[in-house]
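Below is one structure, written out as structure tokens; comments come after it.
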Amino acid sequence: MCNSTTTSASPLPTTLPLTKNHLSSDGNNNPTELIKNIDSISDDIHGWPSPVQVVEELREIWKISGPTTLTGLVLYSRSMISMLFLGYLGELELAGGSLSIGFANITGYSVLSGLAMGMEPICCQAFGARQPKIMGLVLQRTILLLLTASLPITLLWLNMKSILLWCGQDEQVSSVAHVFITSAVPDLIFLSFLHPLRIYLRAQNVTVPVTCCSAASVALHLPINFVLVVRLRMGISGVALGMAWTNLNMLVLMLAFVYFSKVYEWGGSPPGGLSECLTGWGQLLRLAVPTCVSVCLEWWWYELMILMCGLLANPKASVASMGILMQTTSFVYVFPSSLSLAVSTRVGNELGAGRPAKARNSALVSIACSAVMALSALLFALLVRHSWARLFTSDDQIMALTAAALPIMGFCELGNCPQTTACGVLRGSARPTVGAHINLGSFYLIGMPVAVFMGFLAGLGFPGFWIGLLAAQASCAVLMAYVLAKTDWMVQAERARQLTQPDYYSSHHHIRPTYSSNSSSSSLLIDDDHDDDDEKRKVAHDLEEILCVGGGDGSVKAAPFGLLETEPLVPTDGHP
């Protein structure tokens, strides 16, 4: 069971686990022996995990993904309840609510979620490197970042009707959607705290309490909606307020858990207090912005399909059917998303702890699991194609459109599940820009042209949009597989060490590995501005310094901070 005490049950090393067991037995630290040991580690990184390692990794992934999946299912049930109440109000309300949720996802929810996920690699790697102060500082900075981003989002939401009409949407549907989204504005504030808090806890492998808080909150979601929509007759505004109210309940419960369990003491407060939270946002933004772009590009594609449905011959039925299918994909997405969050945490923790081989094993095992999930999702879509829409509506036209698109949606999952999991690997290794480039190319340079052609020019209409999504997901999965196959895990371990250095966050330590090819006894040297010890030369036994060994000229250079995520931090002969 993962709780606040789990963090101390299996302590993570502060240095990379290449110690004296890997050094020469005579204690001279012969560089030839060191190179042999590096080759041994390289074999572990480039080989396939053993069955024992696979089982061990499955166990570790399940500890995180199991509770996370339950949390996702609980939150999905909340969305289902909201959609059922929209359907209860009528076809117009269902279409308007679906359009409003799509607009909110495009302009607000995706932005906040993406920005928050920028803190994920920092927190996961900082936990692996046992740098709790960095975690606390990044948490507070992220909350402030999301609150700041909520201001322009609110202004955009208040002008939603004019924007939808300008885009050519139906006036009745746009009016109902405007009422819904203006009532959902308070939800932005609650999510600005919820998103970072979830990531902060998950980075420490604290997942079960989050599930319990979510379950308790969603248990109240049905009675809250019943009171607001049925008893108080607030209509579509009641559904929106019910969603925000449930998030508020969840936030209060999670804050109560953090306070009484004293999880916050593990992360601590930054030494400079609030003043330090208001400065030094550069590193966070360098990860948050590309992560946000990556998330938004994918989210926006789905929601743009809803907007395109409004341009078809029967916009109400098409938009309503798309809303139902969005709920279906949300249900299926719970499983690969939970796996993605788990592997992101695992990869980040292992890279931060200096175990690149284990990080690679986690990536391989999770990708294999995602393939099984993809086949299961396809089977599910084929089995429920004629009955799924009946859960939401009794309209024959909506049910026919849904049944026609469900099999295509199932085939989309063959690409979606692996690429979602691969995105988790990229986040855990702090490479969000790579994911952003892949999503841009796959969804907008391949998927969107195919969707427009098949939906409008080829005359397929609603199912044609899903064929475009199929093309996007397939290309995205192929590109993700290529990137992971080319990943240098030794380099990623060094990048994690650089990212979690205290002096990266205004410390005064400076690590300067050096090597002299002329000396008979080779060693790596560390300079410490605060160390007055007479011993200024220390033999570095850790992989974090050994990784800095250069090429054939015998020199060693420390990797500078702030390199782009796709650049090697150390010389890598023969590697791109």
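Residue numbers in this text run from 1 along the chain shown.
Quick reminder: no glycine exception, Cβ is built from N, Cα and C everywhere.
A TrEMBL annotation is a machine prediction, not a hand-curated record.
Not measured: the values here are computed from a predicted model.
According to TrEMBL:
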{"type": "REGION", "residues": "1-29", "note": "region 'Disordered'"}
{"type": "COMPBIAS", "residues": "1-19", "note": "compositional bias 'Low complexity'"}
{"type": "TRANSMEM", "residues": "95-117", "note": "transmembrane segment"}
{"type": "TRANSMEM", "residues": "138-160", "note": "transmembrane segment"}
{"type": "TRANSMEM", "residues": "172-194", "note": "transmembrane segment"}
{"type": "TRANSMEM", "residues": "206-230", "note": "transmembrane segment"}
{"type": "TRANSMEM", "residues": "236-260", "note": "transmembrane segment"}
{"type": "TRANSMEM", "residues": "322-343", "note": "transmembrane segment"}
{"type": "TRANSMEM", "residues": "364-386", "note": "transmembrane segment"}
{"type": "TRANSMEM", "residues": "398-417", "note": "transmembrane segment"}
{"type": "TRANSMEM", "residues": "438-458", "note": "transmembrane segment"}
{"type": "TRANSMEM", "residues": "464-485", "note": "transmembrane segment"}
{"type": "REGION", "residues": "511-531", "note": "region 'Disordered'"}
{"type": "COMPBIAS", "residues": "516-525", "note": "compositional bias 'Low complexity'"}
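Cβ atoms under 8 Å from those of the transmembrane segment (398-417) belong to residues 91, 317-318, 320-321, 324-325, 328-329, 332-333, 335-336, 370-371, 373-375, 377-382, 384-386, 388-390, 392, 462-463, 466-467, 469-470, 473-477 of the same chain, restricted to positions at least 6 beyond its ends. Residues of the same chain lying 6 or more positions beyond the ends of the transmembrane segment (364-386) and with a Cβ under 8 Å from any Cβ of it are 48-49, 54, 57-58, 61, 328, 332, 335-336, 339-340, 342-343, 346, 402-403, 406-407, 409-411, 413-418, 420-422, 424-425, 481, 484. Counting same-chain residues at least six beyond the ends of the transmembrane segment (438-458), those with a Cβ under 8 angstroms from any Cβ of the stretch are 293-294, 297-298, 301, 304-305, 308, 311-312, 464-465, 467-469, 471-473, 475-476, 479-480, 483.
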